[in-house]
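Here is what TrEMBL records for this protein:
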type	residues	note
BINDING	Gly13, Gly15, Lys16, Thr17, Thr18, Arg109, Lys148	ATP binding site
REGION	33-56	region 'NMPbind'
REGION	108-118	region 'LID'
Amino acid sequence: MLLPNILLTGTPGVGKTTLGKELASRSGLKYINVGDLAREGQLYNGYDEEYDCPILDEDRVVDELENQMREGGAIVDYHGCDFFPERWFHIVFVLRTDNSILYKRLETRGYGEKKLKDNIQCEIFQVLYEEAIASYKEEIVHQLTSNKPEELEDNINQILKWIEQWIKDHNT
């Protein structure tokens, strides 16, 4: 059976991981957190002193994911999207969160002042939405609001309906 690949992207703290895990458990698709994948496989090529974090080796991440993406049925979660092959995804969801809510979430994670400010600016300027629109066909890119638990539930149900329809359309 053919299954779709879904990309969840957006600024850190918008709720990609919560949504992705819940979606995977309800849909039976496979959840892939690119940050975790990189950590487990040490898929880095340096360290960013300014942000105090490792630098992702994008080519190695792509190589690592290629087979799973070819099989289909993957929900990929990452705060960037311009390095993934366009052919991988059938739909892209960009999660958006109000700045005040996002600020609190990132503060809770212990983000330093610069990292906080840069991520909030990233959200204000719709950086990840712009990146998604530039990297994929506009008609497959959708924005979802992710401020409250009720919105999480709405987003899950909306995506589950989309998955169900996609499977029907591609397996007849």
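Placed from the backbone N, Cα and C atoms, the Cβ positions cover glycine too.
In TrEMBL, annotation is done automatically, which means it is predicted and not curated.
These numbers come from a predicted model, not from an experiment.
Sequence features, as recorded in TrEMBL, placed on the structure.
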residue : record           : Cβ contacts under 8 Å, 6 or more apart
Gly13   : ATP binding site : Thr97, Leu102, Arg105, Leu106, Arg109, Asn119
Gly15   : ATP binding site : Leu95, Thr97, Ser146, Leu152
Lys16   : ATP binding site : Leu8, Thr9, Gly10, Asp77, Tyr78, His79, Leu95
Thr17   : ATP binding site : Asn33, Asp77
Thr18   : ATP binding site : Leu152
Lys148  : ATP binding site : none
If you measure every Cα to Cα pair among Gly13, Gly15, Lys16, Thr17, Thr18, Arg109, Lys148, the residues listed for ATP, what is the largest value in Å?
18
Could you tell me the mean pLDDT the prediction assigns to the region 'NMPbind' (33-56)?
95
Around the Cβ of Arg109 (ATP binding site), the count of other Cβ atoms that are within 10 Å:
12
